[in-house]
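**Student:** Quick paste from TrEMBL:
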- 179-276: domain 'BEACH-type PH' (DOMAIN)
- 280-565: domain 'BEACH' (DOMAIN)
- 571-600: region 'Disordered' (REGION)
- 705-735: repeat 'WD' (REPEAT)
- 754-795: repeat 'WD' (REPEAT)
- 796-837: repeat 'WD' (REPEAT)
- 877-912: repeat 'WD' (REPEAT)
């Protein structure tokens, strides 16, 4: 949770939230608060903090309250010189403050509303370092003059000048570099932004780290982020200006690691582009369209997708005026059981909250029709700082006190009950708020009053405590679990795009917004007003404050209707010849040996993949002298062929459980093999630049194709066409025309096309229909080709190392690739966009997949079962003692054969 994360940095009672909004904390000094009659034993030791609009004294004694003295309420601040009476103890110089108000905070160390004490007061402070007293007084006098200026704009300008002077006199302390060899690239003044707070300092970026050093040394002397740990960076609007930069070291967390506000867009962009260029080989560039494809295809959950859209639309947990917004999805908060199979359980996601109640909407429309331009339907927004803290007051009470001048809201207006809040959103004249991500997270603390806060007593006499849950939730954890399940339900998945159209999409503005009854106050929309063009400083500041407190509409991400989510597809019956399964080939050890091809149903494959974790070793055989590179199986499943870097093709008999034949075509390694559709011929590719054809019935080589200038890395067959990939940077397409019906006779090969690449081609695959080919190269590039026109459709540089293996999903919508950079990447075939990126702990060398689950052979020798939706390994199966380098799977997905660097071939079977 964002608020808890920011509070973890410090255990002090003092917090920047004790300052006023838009106030800065400049410096602190150890000091003593002394009574009017100077007595050493009555002094209170603590920290004297100079802020831009106040003096704060934090006593060391936790039982004593923190004192806050607003500078605007000070009548006089003066320097009292050192007393030099030789007959008494010398009096140190003092800071004397005469004021009309003192605010007492955290009395008895209890978090509660502040106590304001008005009336003339005289306070005296002695600094522990006497020599600094006069300088501190001069600083306070300057800030005091600023606070007493009549115009707010003049006050702000004078404080800003003081701040910039301080920043100019200081610089980043390079002694904080983690390595003496670090090379600084850039340094500039910035502010670190957390909810309701800005803390000025200096940012320094080197070739290894991003550093932020606060001007005041609070909450830490330096905050460091390793550039290699960064996963996402976003430019942000802050205060309606393009000055923000937010850095994430995680993929899916909505709370960032640092949010910086720059004083210059140029400085912001310089650091952004430096980080982007540094990270271009380590992170993926994220776009709304890319995330949309991932979500649409089922690679992102509804929750993850909404988080990503919020991020792209400038929503940040560090900016309460642009906090991430999530929809109400449930409309039933009164039933004892939550029926997620009924549409009546859910809110209509095609309408904004203000349009859900027809009677209220008619009243709003009547007012709208009689309103002068610019007109709006709703006088309040669906997301604002007040609404965010309404939900989070129990875990972020100091934020609420900061926002509301030291007070909590009236008890009856607090977040007391989920059902009451939903009812008020439907019926209230000015309440149109949506939800926040915490309602779909796993931390339920915001629903409990764990801090035992005194939040007041309601009119019915009840104290405000924990949030009252709907009857269908047994406790807060149960509520969140069921609420999350509702967000991911079929109904919401089918209709979420309608809500996205309203908040992030084409119904956000213009005629479509009016037709959808989705028109908010003009000030909430991006670009509606240019505050910098307002000449009067007071008017400009007032306008900006109004906008930020009112709430802002997200940046528009889509200008056309958002597509509906696609129900995850079950793998097609037809299996690609590119994975060595020609035509309707049956499998060895199939549970349905006698079944015909037509009997292979979607359900049987779906069931097989659901049980892939039960894969068990049947037998293992060491029949080669070097790494196994390819596996092929005869149609009847009786014989298994394998190739190896020992230059041999070997035939293994499943019945005899031993190898029967061994054939060597040259003295160089064989790289792959496949069984042709006739069931009588095995084709083998070789590092000697040739492709060899072996006749199974005759037990001898029947043909040789000499077609490349470097090693042939992999081959594929479809109908009467042969596809050969080579390290000579080409894929060649050959037409095969047999000169007779006997398989042992030589064939003629006609070159149809030569597909040029920029680097050696290491792997190729065909889609099930044979209409598309994907190639993976040594430079990390993946290319998609049309096999009828032989034209390249997409070329994606998605890896930083050699691509080991690529394959289409059964529905041909996606391609999965694995490479030497230990990354697994899913690419959308139609757009060429990368829609999923998984960084594994080890290289994945070969795999089979059903579009969601992946069975991989790893560098460690284990088989790993991956779930791409969660990017996690769900099962690790010990297999080989060296890398898994070859894999074969039957059509029913019930039998697997693997080969490895340990020269072994292992047969596997699903447990029934």
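Using the three backbone atoms N, Cα and C, a Cβ is placed for every residue, glycine included.
Automated prediction, rather than curation, is the source of TrEMBL annotations.
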**Student:** By Cβ distance under 8 Å, which residues at least 6 away from the ends of the repeat 'WD' (705-735) in the same chain are close to it?
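**Tutor:** Contacts with the repeat 'WD' (705-735): 577-578, 582, 668, 671-672, 674, 676-677, 683-693, 749-766, 770, 773, 775, 777-778, 785, 787, 790.
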**Student:** Please list, for the repeat 'WD' (705-735), how many residues fall into helix, strand and coil according to DSSP.
**Tutor:** 0 helix, 21 strand, 10 coil
**Student:** So, by DSSP, how many helix, strand and coil residues make up the repeat 'WD' (796-837)?
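**Tutor:** The composition, in the requested order, is 0 helix, 24 strand, 18 coil.
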**Student:** Please spell out the DSSP helix, strand and coil residue counts for the repeat 'WD' (754-795).
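**Tutor:** Helix, strand, coil within the repeat 'WD' (754-795): 0 helix, 26 strand, 16 coil.
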